[in-house]
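Student: Quick paste of what Swiss-Prot says about this protein:
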- 70-80: compositional bias 'Low complexity' (COMPBIAS)
- 89-110: compositional bias 'Basic and acidic residues' (COMPBIAS)
- 118-142: compositional bias 'Basic and acidic residues' (COMPBIAS)
- 179-209: compositional bias 'Basic and acidic residues' (COMPBIAS)
- 297-308: compositional bias 'Basic and acidic residues' (COMPBIAS)
- 312-328: compositional bias 'Basic residues' (COMPBIAS)
- 350-369: compositional bias 'Basic and acidic residues' (COMPBIAS)
- 41-213: region 'Disordered' (REGION)
- 87-110: region 'Mn 1' (REGION)
- 122-145: region 'Mn 2' (REGION)
- 228-251: region 'Mn 3' (REGION)
- 251-369: region 'Disordered' (REGION)
Amino acid sequence: MAWPCITRACCIARFWNQLDKADIAVPLVFTKYSEATEQPLPAQIPRSAAAPIDTQPGGDARAAGGGDAAPGPARPGTAPHGSPPADSVMRHDYKPWKVQRPEPSCKPKSEYQPSDTPFEKETQYQKDFRAWPIPKRGDHPWIPKAGPSPVLGPERGSPEKAAQEKRRKKEEEAEADEEHPKAARPGDAREKGRQRGDEAGGQEGRGRAAADALNRQIKEEVVAAGVSSSYRNEFRPWIDVKPVKAIKAKAQYKPPEEKMTHETSYSAQFKGETSKPAPADNKFLERRRIRTLYSEPYKEPPKVEKPSVKPSKPKKTTTSHKPLKKAKDKQIASGRAAKKKSAETSNTAKPEDKEKSKEMNNKLAEAKE
């Protein structure tokens, strides 16, 4: 067992004899497992050296002379009372490991071994795709230009081309054909006679001819080498292959020609109870309908015509006094109208009535006094 639970009382009480006491102790306390299992005797008996397995290098000396350790000279860190070193947990009682001969490592040495042949400075990509010469500003070789003299235009680049080919082939290889220098000789004479025409024509034709000559030279170098680029060798276009005809996939869903009914199978199978006719012969259902207060779900209750009497609405008691104000305004308006009418009637009354009314008023005033 490895590190049992020794904090609970149940684990301490149960199977105590079956536990390995060396697992419970701190690992560095015991140098041998036999010291944990065997109980120390009062008289130290010399143990056999082959039985235990030492965990520290200094265990052989202690195992061989276990009984003689006490009378011998004590170690320079042990207690003065001469306790055996097996009981000590001090650091100086355990000698460190001393490895005199280290084992040879199986890991290979990572030493740089230079190759016999030097590396190429130019990569395959640089070989296949070389830089084109930069033409003059505004001179695009892919745009055909109409020269000043259309008759002498195509012949203008031939002497310069021949001269450049001659120089290149002299520098590169001596195995060039003899036709090139022969073709170059009449070109030299033409050049001398044509220099005067070039001066009049301008310098545009010269730059154009030089760019064309360089482009042809690069193309000829590639063809003369006989080796196209590795990318062209690996990825070549298909020849004599007909283009594939586009295939239109058939539609998997075919819509029905006739008109679709928007009724699902669920709605067709489970319809409402209103469509079921009520059985008229069943007296039990009629009695039950009379007894119960509820009407059947598939029978509509008979509609009773209610008398059309409008219930009197209770007056709303609101905090706002708008309806009262309206009533007061109506009363004031009616009073004003009555006064106006009385004034109009009084104006039309006779002056005799006015005098009578004055007399009556005077009599009343005298009576009050």
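Going from the start of the chain as shown, residues are counted 1 onward.
Every residue, even glycine, has its Cβ placed from backbone N, Cα and C.
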Student: Should anything in the same chain at least six residues away from the region 'Mn 3' (228-251) have a Cβ under 8 Å from its Cβ atoms, list it; otherwise answer none.
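Tutor: For the region 'Mn 3' (228-251), the nonlocal Cβ contacts are 124, 127-129, 222.
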Student: Using DSSP, tally how many residues of the compositional bias 'Basic and acidic residues' (118-142) sit in helix, strand and coil.
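Tutor: Grouping H, G, I as helix and E, B as strand yields 5 helix, 0 strand, 20 coil.
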Student: Using DSSP, how many residues of the compositional bias 'Basic and acidic residues' (350-369) fall into helix, strand and coil, respectively?
Tutor: 18 helix, 0 strand, 2 coil
Student: Mind tallying the region 'Mn 1' (87-110) by DSSP state, helix then strand then coil?
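Tutor: The composition, in the requested order, is 4 helix, 0 strand, 20 coil.
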